[in-house]
Amino acid sequence: MAARCVRLARRSLPALALSFRPSPRLLCTATKQKNNGQNLEEDLGHCEPKTDPSSADKTLLEEKVKLEEQLKETMEKYKRALADTENLRQRSQKLVEEAKLYGIQGFCKDLLEVADILEKATQSVPKEEVSNNNPHLKSLYEGLVMTEVQIQKVFTKHGLLRLDPIGAKFDPYEHEALFHTPVEGKEPGTVALVSKVGYKLHGRTLRPALVGVVKDA
């Protein structure tokens with residue numbers, strides 16, 4: 001029985017070998033597919049964009065230059081803004097200081113009228129009448145003089161200075177000429193007479209002195 005089975009197996013082997021032999025058509029198809037795949041990869045490789053190193057460097061350099069220009073422009077704007085801010089701060093500070101210094105000039109002008117009245121009052125009193133023989137007039141005169149001195153001290157304390165330019169060179173910024181007259185022995189262009197004293201507040205003319213100016217004969 002076993003010998004019979006062996007003989008049958010030997011007879012079947014050639015047929016089985018033929019059945020498992022690959023078909024030439026299938027082999028050809030597989031080869032074509034493989035070749036097509038390789039060709040496709042090659043085509044895709046050819047389609048990939050190629051980057052020129054020199055072109056990339058040029059682009060980066062242009063971007064660098066552009067960014068540097070933008071940075072420079074921004075810094076210039078920043079510096080100008082800082083300068084404008086500093087100028088504004090200084091102007092504001094100056095305005096505040098001037099307001100402190102000259103904010104009282106309206107009040108000072110009103111007080112000048114009082115000082116003028118006191119000065120005229122003391123000048124109107126005859127000096128020969130001020131004696132012990134007239135104690136009431138003497139006391140009144142001395143009170144006026146003390147008041148005038150005190151008010152001038154207050155003026156000086158607050159930066160208000162008296163301008164009495166007799167004999168000084170005429171200054172159009174501090175003096176106002178009422179007339180011109182020749183005066184013997186006086187230099188032309190100098191102040192010969194002060195009709196009304198002037199005042200300056202912290203170096204700024206608050207009221208010009210009213211004067212008569214010497215002219216050539």
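Glycine is treated like the rest: Cβ placed from N, Cα and C.
For 1-27, the entry in Swiss-Prot reads transit peptide.
What Swiss-Prot lists as N6-acetyllysine is K94 (among others), and the listing cites similarity to another entry. The number of other CB atoms found within 10 A of the CB of K94 (N6-acetyllysine), across every protein chain shown, is 10.
The N6-succinyllysine annotation in Swiss-Prot covers K94 (among others).
Per Swiss-Prot, N6-acetyllysine is recorded for K100 (among others). Within 10 Å of the C-beta of K100 (N6-acetyllysine) there are 10 other C-beta atoms, taking all protein chains into account. Under the DSSP three-state reduction, K100 (N6-acetyllysine) is assigned to helix.
Here the Cβ of K120 (N6-succinyllysine) has 9 other Cβ atoms within 10 Å, regardless of which shown protein chain they belong to. Residues annotated as N6-succinyllysine in Swiss-Prot, with similarity to another entry given as evidence: K120 (among others).
Here Swiss-Prot flags K215 (among others) as N6-succinyllysine. The Cβ neighbour count for K215 (N6-succinyllysine), using a 10 Å radius over every protein chain in view, is 15.
Summarising the annotation, Swiss-Prot assigns N6-acetyllysine to K215 (among others). DSSP assigns K215 (N6-succinyllysine) to a strand.
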Completion exercise
Cα-Cα, K120 (N6-succinyllysine) versus K215 (N6-succinyllysine), nearest Å, comes out at 28
